[in-house]
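Have a look at the structure below, then the notes.
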Amino acid sequence: MSHSVIKVSLSAIDQMKMTYSGSLTASVPQGAVFQAKPPGCTITAYQSGKVLFQGKNAAAESARWGTAEPQEKKKTAKKPADPRYAPPADIAGMSVIGSDEVGTGDYFGPMTVVCAYVDKTMLPLMKELGVKDSKDLKDPQIIEIARNLIKTIPYSLLVLKNEKYNSMQEKGMSQGKMKALLHNQAITHLLRKLDGVKPEAILIDQFAEPGVYFNHLKGRDIVKERTYFSTKAEGIHLAVAAASIIARYSFLMEMDKLSRAAGMTLPKGAGPHVDEAAAKLILKKGASALRTFTKLHFANTQKAQRLADKKRS
């Protein structure tokens, strides 16, 4: 598909939104200001000022607004600074425990951490089930694949609900430390489930340098043997991709529960649409309700409160 990306000011984005008002979509992707679908093109404008044009008329439509940015090279996985924790070159064919988390950047909803064990004999089946980087999958695909995975492979799931998350954060614990604790705990649980089966490697989708990760775990029993780290680990071994899919599935199920409790659909992400939803929740249930539904330390809390105050006046 032909595509083009331009960078414009927020005022230009407002002008674009007015221009395409007749073709705006009802919902927008995470982080987007608007999405429109004029003939032959899908236009998505983001809060960063970047605007993505896709479709046969992408070049012509983007030329109305600015010069396309040069396309960036696809980012590759980043290995940790300490080579001891870089995954082996042949890890893709090994029996591996993969660990990943979801929900850390979402204002509404919990943090879910999953580690999953994929024996090398199961790798062909993982591909057959459609296991791949969860960012390339839509929610209905995530749900379908995850429901097959949880019946097929050993895994450990931990859900850090919002009230507990907020309590830990208010006591001074960083999100990075929470993630380290949950990953280590999930891996420990799964190793117990495996009952003596030894994975050839443990691969964690890297969110901190290994030294920082292990420092967060001081004073605790740490799973360190054959443990490796890499960013974009979903593309390195299918165990991490499987863990990410199950974690995303769990997050979606938790969001459904929270939406039912709130009496409204709670959106993913942390953009302006989330501020609006949080303001609506404040007006409906009071500001104290946010503790149950959100990560309070996000800037969205103050923005939502201001919006709610404006709506009241």
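Every residue, even glycine, has its Cβ placed from backbone N, Cα and C.
Swiss-Prot names D100, E101 for binding divalent metal cation. Of D205, D221, D256, D275, the residue it gives for the same site is D205. Among the listed binding-site residues, namely D100, D205, the Cβ with the most fellow Cβ atoms inside 10 Å is that of D100. Under the DSSP three-state reduction, E101 (divalent metal cation binding site) is assigned to strand. Same-chain residues that are not part of D100, E101, D205 yet have a Cβ within 8 Å of the Cβ center of the divalent metal cation site turn out to be S99, V102, V113, V114, H183, I204, F207, A233, V240, A243, S244, A247.
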